[in-house]
Amino acid sequence: MALKEFKNVSVGYIPDTEIELNKKKYKIHDVINGEDILVDTDKNYPTLSKVLKPSKDRIYDGCPYQAECGGCQFQHVSYEYEKKLKEKYLNDLFKPFDLPYIKLVSGDSPLHYRNKCQMTYKLSKTKKVVCGLYEEYSHKIVTISNCLLQANEANHVIEALNKVLTKNKIRPYDEKTREGNLRHVYIRYGFNSKEIMVVLVTNGEMFPGRNNVVTDLKKLNLGITTIVQNYNSRDTSIVLGDKEKVIYGPGYIYEFVGGYKFKISGTSFFQINTIGMEKLYNLALEKAEIKNTDFVIDAYCGVGTISIFASKYAKKVIGVELNKNAIQDAKINAKINNITNVDFIADDATNYMTHLAKDRVKCDVVLMDPPRDGSTKAFINAINYLGARKVVYVSCNAETLKRDLYLFSENDYVVKSITAVDMFPRTLHTECVAVLEKDSELESLEKLSKISKNGGNVLDELNKKNKNNSNKMRVIPKADIEMMREDQYERTGKISSKKYKKY
Ligand SMILES: C[S@@+](CC[C@H](N)C(=O)[O-])C[C@H]1O[C@@H](n2cnc3c(N)ncnc32)[C@H](O)[C@@H]1O
């Protein structure tokens, strides 16, 4: 083994360091700033062999799969150190906005917090059915029997299920040959309801041995309340296909959060950290300062969780979401919680907001929680026309949040604060709650000049624009509407011709 020593390595926000070997650069994972390390240079890709001088922040009781598994990035450091790194990253990233210090609020225990688990399958050398997560940047499956982030209940089901699958000679799906049956198993666990949903993702509808697997699983009394078969025969790395069959139980589970009951189907989005989720929503609503006369829009609403949390403060809440199944669940969720001031609409959020803006609808507060790739320019422009007093932007991707905050700043909105909630301990991710206010033009200009590289020029532009528009009720120019529609078309490939109610 050829070993090479690197002293006092330097690490940024992500716990890896860059080394140079034969004029090529390589990333070495799982190191801490200032450590001396020994690197094995024999392999195709050099790897960490030994830490010669460990940092005081290094821990040794983290996950045994950390070196190979791509699921976590911080299992080798103390949780305190991880939080410090994440907080520093966020404060540096959002520095141009000149905000109060961004605090990272802890979500929950850093271990066994995930209510959702998703495993991929293969045959072991001894022909047993085993499962695990992918290696970083690859589709090589690292066999895992007890993931430290997943709920213990889900780990128990996975362990028992693997034995049942082996006994019934189930063939795991092979990505290369596209043969075999079982692709993934996806589990949802209700920490509060104690209900468990098992989704067997198969390569198409045919699943020989399915009935025996289900019978054997039920006999084990693991607390499984429903089993669903999801068909996915596409050549894709997306886990779930779009067709499913309920094999046992109702096909969904319920979960209780913040005193509300939520119905969750296999394909609907639900926050993966149940305790963190309640903290996140309460923080977002505290920041939103909703009044009982307010019309609130909850965009990208999923199964309606934030809308339902907001309903007790607002006069009316509209939730909009692309996934039709999630909207069906959201409507049921409002009903089972006896909430009558919330409506849900299945549509692309940009499309919906653009139509509202076109119809000169006004709203008071916008709550938005888009997926990782963030929102759109047209969505943000539309909020300007809807005149929301406040926007609370919940984001699981700080980079796209930053991009979108710039777009808000080009409109009449000022970013007031960002608070982060550590919903995903031991991984690189965090959830941010950004608060924006429609503010006096003067303050917008001042902020914009601070954050823009060409502050002076933008100021002149805005001064001109504001002079023309001052004291006038805004009328959306036709060209702007076309621009919004085009932008929306780029993202979704379709424009709805639906007509919308006015509120
Ligand atoms: C991060 S999740 C938030 C869901 C919900 N707010 C929650 O906390 O459970 C983002 C949601 O946006 C939905 N979504 C994705 N693209 C969308 C679009 N273009 N328009 C509306 N909703 C969209 C997804 O289906 C998902 O439910």
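Just so it is clear, glycine is given a Cβ too, placed from its N, Cα and C backbone atoms.
Source: prediction; values computed, not measured.
Residue density at Asp369 (S-adenosyl-L-methionine binding site): 26 other Cβ atoms are found within 10 A of its Cβ, drawing on all protein chains shown. As annotated by TrEMBL, S-adenosyl-L-methionine binding site applies to Gln271, Tyr300, Glu321, Asp369.
Cβ neighbours of Cys396 (active site, nucleophile) (same chain, under 8 Å, six or more residues apart in sequence): Pro371, Arg372, Met423, His429, Thr430, Glu431, Cys432. Feature annotation from TrEMBL assigns active site, nucleophile to Cys396.
Look at TrEMBL and you will find Cys396 tagged as active site.
Neighbours of the S-adenosyl-L-methionine site: apart from Gln271, Tyr300, Glu321, Asp369, residues of the same chain with C-beta atoms within 8 angstroms of the site's C-beta centroid are Phe269, Asp298, Ala299, Cys301, Gly302, Thr305, Ile306, Pro370, Pro371, Val394. Scoring each of the binding-site residues (Gln271, Tyr300, Glu321) by how many neighbouring Cβ atoms lie within 10 Å, the top position goes to Glu321.
Taken residue by residue with DSSP, Glu321 (S-adenosyl-L-methionine binding site) is part of a strand. Residue annotation for S-adenosyl-L-methionine gives Gln271, Tyr300, Glu321, Asp369. The furthest Cα pair among them is separated by 15 Å.
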